[in-house]
Protein chains: 10
Amino acid sequence: MTRNEVTELVVTQKLAKQLSWAQLAEAIGLSKEWTTAALLGQMTLNAEQAAAIGALLDLPPDAIAQLQVVPYKGSLPSAVPTDPLIYRFYELVNVYGTTFKALIHEEFGDGIMSAIDFSMDLQREADPKGDRVKIVMSGKFLPYKSY
Amino acid sequence: MTRNEVTELVVTQKLAKQLSWAQLAEAIGLSKEWTTAALLGQMTLNAEQAAAIGALLDLPPDAIAQLQVVPYKGSLPSAVPTDPLIYRFYELVNVYGTTFKALIHEEFGDGIMSAIDFSMDLQREADPKGDRVKIVMSGKFLPYKSY
Amino acid sequence: MTRNEVTELVVTQKLAKQLSWAQLAEAIGLSKEWTTAALLGQMTLNAEQAAAIGALLDLPPDAIAQLQVVPYKGSLPSAVPTDPLIYRFYELVNVYGTTFKALIHEEFGDGIMSAIDFSMDLQREADPKGDRVKIVMSGKFLPYKSY
Amino acid sequence: MTRNEVTELVVTQKLAKQLSWAQLAEAIGLSKEWTTAALLGQMTLNAEQAAAIGALLDLPPDAIAQLQVVPYKGSLPSAVPTDPLIYRFYELVNVYGTTFKALIHEEFGDGIMSAIDFSMDLQREADPKGDRVKIVMSGKFLPYKSY
Amino acid sequence: MTRNEVTELVVTQKLAKQLSWAQLAEAIGLSKEWTTAALLGQMTLNAEQAAAIGALLDLPPDAIAQLQVVPYKGSLPSAVPTDPLIYRFYELVNVYGTTFKALIHEEFGDGIMSAIDFSMDLQREADPKGDRVKIVMSGKFLPYKSY
Amino acid sequence: MTRNEVTELVVTQKLAKQLSWAQLAEAIGLSKEWTTAALLGQMTLNAEQAAAIGALLDLPPDAIAQLQVVPYKGSLPSAVPTDPLIYRFYELVNVYGTTFKALIHEEFGDGIMSAIDFSMDLQREADPKGDRVKIVMSGKFLPYKSY
Amino acid sequence: MTRNEVTELVVTQKLAKQLSWAQLAEAIGLSKEWTTAALLGQMTLNAEQAAAIGALLDLPPDAIAQLQVVPYKGSLPSAVPTDPLIYRFYELVNVYGTTFKALIHEEFGDGIMSAIDFSMDLQREADPKGDRVKIVMSGKFLPYKSY
Amino acid sequence: MTRNEVTELVVTQKLAKQLSWAQLAEAIGLSKEWTTAALLGQMTLNAEQAAAIGALLDLPPDAIAQLQVVPYKGSLPSAVPTDPLIYRFYELVNVYGTTFKALIHEEFGDGIMSAIDFSMDLQREADPKGDRVKIVMSGKFLPYKSY
Amino acid sequence: MTRNEVTELVVTQKLAKQLSWAQLAEAIGLSKEWTTAALLGQMTLNAEQAAAIGALLDLPPDAIAQLQVVPYKGSLPSAVPTDPLIYRFYELVNVYGTTFKALIHEEFGDGIMSAIDFSMDLQREADPKGDRVKIVMSGKFLPYKSY
Amino acid sequence: MTRNEVTELVVTQKLAKQLSWAQLAEAIGLSKEWTTAALLGQMTLNAEQAAAIGALLDLPPDAIAQLQVVPYKGSLPSAVPTDPLIYRFYELVNVYGTTFKALIHEEFGDGIMSAIDFSMDLQREADPKGDRVKIVMSGKFLPYKSY
């Protein structure tokens, strides 16, 4: 059983059991953002977390074992994503990429925002003109140093 | 004078005049995020804003005119960005893309987060273990409707 | 059962049952354009619609469930489509892309035509020199605003 | 002087003279859609049309000659367009491509909608919830015949 | 049964039955060029033609039905073909592409040679220095017109 | 002076002198197909031919010398051509590629049609339903032999 | 049974039977270079050769039939090969490509070295500093001629 | 002066001086294969060799200095070469790549043929049926060893 | 059973048996770096090594045979790796590539560092500010020589 | 003056002044690895370092200013490098990429080796069988944590 097959099984079982991502996250006491990424094959569960998810979703032992292995990451089937929702994020990188770069360097100097020591929070923001998606990202700044 | 040449001139003049992006933004009374994107060739200034920036950066009339034309957007020279800072954002899309999709659909149903009716704010977040980059994004949810 | 398998099954069953896309659309009271897109894996049905389609096409419960899940969109197997009919639309984007851009900006200013708040209608236009395909597209204009 | 240089010159001179695409189209008595495409290097003017445009935009004889030569078409710098406005049209091809195909074949049989014997009209559609872009496309159906 | 599977089955059965493409074409009274393209998944048979081919090749009803559906066209697995025979045709487009363009425009003005209202004939041309492949292509000229 | 610059100069001078490709071909006593390809940078002239063309087009000695050097061939700026006229030929390769392969192998066995020992002739074919482009290609068959 | 499956079966059976490529070549009285290429899906055996190989490798009749069909050639899964041994040959084309071109044109004029009327021989060349791979290629020169 | 400009200058001067690659090679006492590669920007001359070439071709001191710098190698403008002569070598890698691999591993075990400790010789091979290009390559075998 | 299937089986069995890469390496008396690469389908075991691994992981005879065949190398599914850990190594090549080149040429002259006559060692480096990954690479320098 | 032009100027001036990378590094008291990367446009100098380099290489004030600006990183002109020396590093990532991943995860758990908090040292390693290139890389391990 490959990790991709585990991911497909998780999605199918979640549909059959009518569970939400938020409910799955609650079951292991972590954020819905991290939990969803993990169950979609991008993060690694520990034994206890894998067992809890396995119980909720009726996963076979093989799948529960796989959830504890570090996956080969990258959740998209093409370099430029075709799905409209995901493409909008790619477009933000394309349009605002040099802006991110200019402003982070202005504030911090040469370096990057870590995508590893990173967390995020995604919420509905009520708005009379139409509700909004609010995403707060927080990543550690890692400076390049000369040596 | 093409828009790319205007962008290069803006960057060079900003360097010569020792102005920050934040100072340029203040001069036109807008956020540093939008102003930087505009000056890097991704947004469109009105006549007054263009004149103010032109005065600060000693731009020729041609350049001031070009800043008021809607640009051909996309700030990156390759589909997968090579710059490490910008790549980290691409990586977030790659690793978390399906998570964004799953959670937004769970909360809002089928649709997207707009990258047009969108704003963002980038701040330093003090942290004893190393300061962090905090980015708050807000985009209107646009539902797909059947017709 | 993945969504791609559901799409293949829909196409096969529609062939076996000798149903047209227009008939399937009529069964759920929506346009043939939206319905076809939905059944080809690009839009999301609600429970009632999915049940109606499932009954007409003899789909198993798994497939009916999948039709209610937001799909990973993008219906083409390559970035530049090889099918001659679909390529002609890609060619229109290639040849007229900058024209769309110039005229929409001239009329509306900086912004885009939404591909989400969007509908279309495809009709036969009788013509003595050979009938024509007439497509009417309508998408909301979304302005970029400074912030 | 290459055709690309002519296109750049047209854009610059139009900006300097403060002329709209609609005004340029009116000067040669053709639609704004075709005229814009022609001036952006995708269609071919005849001698009279080229002279009229040349006079309005103060173009040198070389440029006026080039406007009468059939150009190497394709107005975009990359296979997948990066500009958000143009990308939305590419996205429509990606999401609705198989729908176009299914419905045109259902109505007409095997064949294509011509992108050559083709015209289009782009208008503002007033709407209390926000004005819309309305595009009407009309292309001759060309059937594949067996031989 | 997908169309690709039908194509594979046709090729296998033709091999098993020791039939030539010319014989299959004769059976439906059409050219070997069109018939081969159709059986390789690029054209659409009518019911009578599909039945005749199905009888000759012992195809199951599913396959016979599929032969009457307009296929998703494009017969090559990569944008630049790797097979040496097919590559030579791609090379002709690459080397002579601008020549085709120059000479057709010189003779006909702006427009294209149709690849839909098109037929071709492929023959052996006896030659003492080595036989030659002779291909005669005939495609309707379709003019771009201003509107 | 690079070969590309020679090609651009040839095109510009031909325009200024109002010469057709057919006239240029006549001046060196060769077909319009080969001559056009040569002048567009794909074939090699001998000294006498280059001098004749140089005289007609007022080319400098450098350009005349370059016309006698074997060029780096390939006349298209992208692997999949964007120009609609040239794309139609690419489409023919894509749709009919496996048909070319099947029929040539059926007639000749394993091998290729040469794109080097090759000639072609392009003519207008009068037709009441609209004139047609007729292209006759003739390439030597080159067999693979075992060794 | 597709040709790829035949190739996989050949490789597996050769492993199980502990036969070398040279032994297989000897069995049909041809060079090891041509035979290996044929068995890896790049050349076409005649009936007698296919039967001999089939007997040695215990291939089913289907596979023996397929070995006599001209294959869709191209043995590599990516345009730039990833396997280090094969990449070195790609690198030679990359580094020495223009050298091959310059020297062949200097010696022969405009034309190519045939990759069809071609043979090669690969041998171990003993060398005290480490044995060497010696490859002798011989391809007919095919001149471009004007017409 | 960049290395590419040096290469262009070498080609232009060689043309003006009517020198062959073989004559240039003779002037520095090395093979025509290595010398041509070096002068086309793929190898590095020592001071004496660069001076000799510089004298023959009337190169400026800058160019002579550049010839002694290790260049960024790779002589082709695209991953899959478009020039027919060079493509034939790419095709050989594509068609015979897995054969090279199979035979070298059979003879030598796991490892590669070096493209660095490598030499080659290109000769005309007289043949009554048409002269042939003969290329002898010799590269050291480098074994992978376990460690 | 293909090599890819062997690799998948190795990974699954290692998980089931709870063995580490280091333990597998120890079992055949080689480094963990080489052994892991071999078991992930990049190197070739001898009979004894394959038998030892087969016993530890309960592999079928087919898999044990395949481990002794030189594999088609290249362990990544895309040219630019999507997995963040592996991407960092690609980024090092991208950022430091020209630095590797400049410094190795400065020290050794024209040539390369071998990736075949190569070994490496990967260790944890304790560090109070956070442990580090230490990789020591050693590759033979192979000089280009003129000939 | 763009950063690329500064890099070209640095390389040209270094050649003219006959300075080594090691000498330039010594002048600013940093490692040759970091200094070379910085001067090739990948790292950022401070004012003092830039002045020192500027004095040694006779750079204009514009260039000295640019050396203090964070550059857009990525030193290679194509995704897969064509230069043989740099390609060998890409090959290591390709062949050993999954090995790096497996061993780092085995030792440290899920996370990456930082390419930012990173240093390296490149040395000649004397060896009787041919000197070797020794590269020691040290990058901080950054763990993914759940949140």
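Cβ atoms here come from the backbone N, Cα and C positions, even for glycine.
Per TrEMBL, active site is recorded for C:Arg88 (among others). Classification of C:Arg88 (active site) by DSSP places it within a helix.
Summarising the annotation, TrEMBL assigns active site to C:Glu91 (among others). Residue density at C:Glu91 (active site): 23 other Cβ atoms are found within 10 A of its Cβ, drawing on all protein chains shown.
Positions annotated as active site by TrEMBL: C:Ser114 (among others). Secondary structure at C:Ser114 (active site), taken from DSSP and collapsed to helix, strand or coil, is strand.
The feature domain 'Cyanate lyase C-terminal' is assigned by TrEMBL to C:75-147. Looking at the domain 'Cyanate lyase C-terminal' (C:75-147) alone, the prediction's average pLDDT is 97.
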The correct subset of the active-site residues C:Arg88, C:Glu91, C:Ser114 with a Cβ closer than 8 Å to some chain F Cβ is C:Glu91
Cβ-Cβ neighbours of C:Arg88 (active site) (radius 10 Å):
25
Please list residues from the chain of C:Ser114 (active site) whose Cβ is under 8 angstroms from its Cβ, counting only those at least six apart in sequence.
C:Gly139, C:Lys140, C:Phe141, C:Leu142
